[in-house]
Structure formats: C-alpha cells, structure tokens
Amino acid sequence: MTTMSERESPAAGEAGTERAPAKPNLFDRLRAIFGLGGASIRDDIQDALADSSIEVDVSPQERTMLRNVLALHEVQVEDVMVPRADIVAVSLDSSLIEVLAVFRTAGHSRLPVHGETLDDPRGMIHIRDLVAYFAAGIPEPVEDEGDRPTPPSVSETDAADSFKLKTFADFDIPLAEANVLRPVLFVPPSMPALDLLVKMQATRTHMALVIDEYGGTDGLATIEDIVEMIVGDIEDEHDLDESPKIDAAPDGSFIVDARASLEDVSLAIDADLTAISDAEEVDTIGGLITTLAGHVPVRGEIIVEGGLEFEILDADPRRVKRVRIHLGLKRAAAKSLEPQGGSTAGDSSPAAP
C-alpha cells in the first residue's frame, strides 16, 4: 500500500536535489570582469567600455570591437549596404570576356548579374566559378614512367591546340549559356544586419540584394560589409586608397568628391556645412547638394546656399560625383564687415584730400 508520504517523497527528493549552477553566459562574464551589477547588462557593459578609468586586461582595439558588437543590434541592412548607384554588376547577355574585364577593373570576387536592368536580378557570379569553367577542358597531367621525359605525341599536341582554340572561342559566349550563376539573397532595407549575417552563414550565400517596397533594387550587401561594422574596414591587396578627395584649387575654390562627409569638407574649407538647413538629414556633400536642389543636379548646374556656391563638375542621372565649392560669396560678405580704409574705431582723423 502506498502512503501519501511515499507518493510525495519523489517530489521532495527532486526539490532537495542540488542542481548544478547555470553556466554564466558571455554578458555575465563581461559583467564580472568589469565588476558590474546593474539591471541592464548591455548598458552596464557599454558604460564600462566607455570608462577608460576602469583597469582591465582589455586593449583599446578590443574595447572598440566590443562596443561595435553591442551596437550591432541597432544596425539595419540599409546602414551597411552599397547604394544602387555604386553597384558594379554585369548583364546576363554579357560575353565572358566582358565579364572578365569587369572583374579585372572592379577588383571584386563576386558580381551581381541582372537582366535588362538592376531591377531584374538573376543571381551572382564568382570569379572562381568562371576560372573553373575555363579550366574544365584542361587535360589531366600524365605522370611519366621513370626519369626519362616522354615527348608529346602528335595526338597530344593536337589536343592541346584544340583546347586553346576552344578556350578562346568560349570567351565570346553569353554569360547565360555558361551555367555558372549562383543564387543571391533578397532582403528588405529594414532587416537587422545581424539577422542577415546569421542568414548568410546558414545559407552559405555571401551576397544579398536589398529590395525596396516596389520590388526594385535599392542596394547590395555582403558579409564583409557586416563584419566591417565590428572590426572596421577590411582591405586586401586589391583595395586602393579610395578616400574621397578634397583638393584646393589655385583660384581659392575646392574640388570635392561628392562622397566626402560634411564634417571633412567643413574642416577643409573652414565653413560649417552642418549648420545649413536640412544638413542633419544627410551625411555627404553630394547628399546635401541634392537636398538643397530638390533634384539630382546636372553637370554645370550651380546651387548657392549659405554664402557658398556649389558648381557641379560631374554627375549622372542618379547622383552627384564631383563638385567645386566657391567661397567668393562668403569671403566677400566677411570682407564687407571689415573696417574700410584701414582706419580703426578710435581713429577719428579726417581722411587726407
């Protein structure tokens, strides 16, 4: 006969059993390192990383990376994507020789492939797949028996010549017939960048096209773009120094790459561009000029704002590329405020006749 105490004993035994302590997660370990105990783990760690007076075995580079990791949850795909105007892509009808030329000039290992326009994406092509396509016809090397080299037979020579002819002929076929395309991911601009990173890892697809609400291509994001949000810019042997240029011209004007930031341009020309109306909505000088004009300016167009004259030197239908900034109006206004004739406020003597 089973008594109540016997029925309750297993439960009592379970309650009395000592459970192994939960393993501390990464945030708990970081809190222990910095000696924190607040309610918000993320805020505690961010505050500790910002406080340089806390002495822990963490280098400045590690502090920066930890801050970037914590901030990644706020980053969206549109924050890391390459804008549509800067996408380097190839058409499905391009010949393989044309595709190779684009690979050579772009310095990328992957290129998106589209139909008639970028709004008709078909996939991507990897340079390794293209090389593998041409290498597929190369005959396997034959090991000679013994140390004595064996001269190639006539048939082997003919085979090599025919391979060369076949290879050069294949350069002219369209990309659509080579069967070397790979799929790409399609994501909205509002997608969290961290979610895209996880999706790229799961699908082993390192390129995503950012699609807007109308189905058009808004930009392109790669796994490298997301990782750079944590570790900073990653440059390889093919990357050139492409920092937006700001050059002073002999006439006192400045020739500026439209991608240059407002802060950098303001520092170079000694004028606060961020104080201009609507400047808080943009980051680059090209974006500011487009906002002021209300449209994408054309080459030769001049926009005047805040005592500055912006002359468009180069542009396409989608964006401004290069601009000349004239400071004449601003300097003339400043000069008009200076005392005339070199007299000071305390000099009341009449001018000489």
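Don't overthink the numbers, they just go from 1 along the chain as shown.
Here the Cβ of each residue, glycine as well, is placed from N, Cα and C on the backbone.
Heads up, TrEMBL stuff is auto-annotated, nobody curated it.
Segment annotation: TrEMBL labels region 'Disordered' over residues 1-21 (candidates 1-21, 106-126, 148-168). Annotated range for region 'Disordered' in TrEMBL, selecting from 314-333, 334-353: 334-353. Residue counts of the domain 'CBS' (81-140) by helix, strand and coil are 23 helix, 16 strand, 21 coil (DSSP-based).
Per DSSP, the secondary structure of the domain 'CBS' (180-240) breaks down as 20 helix, 16 strand, 25 coil.
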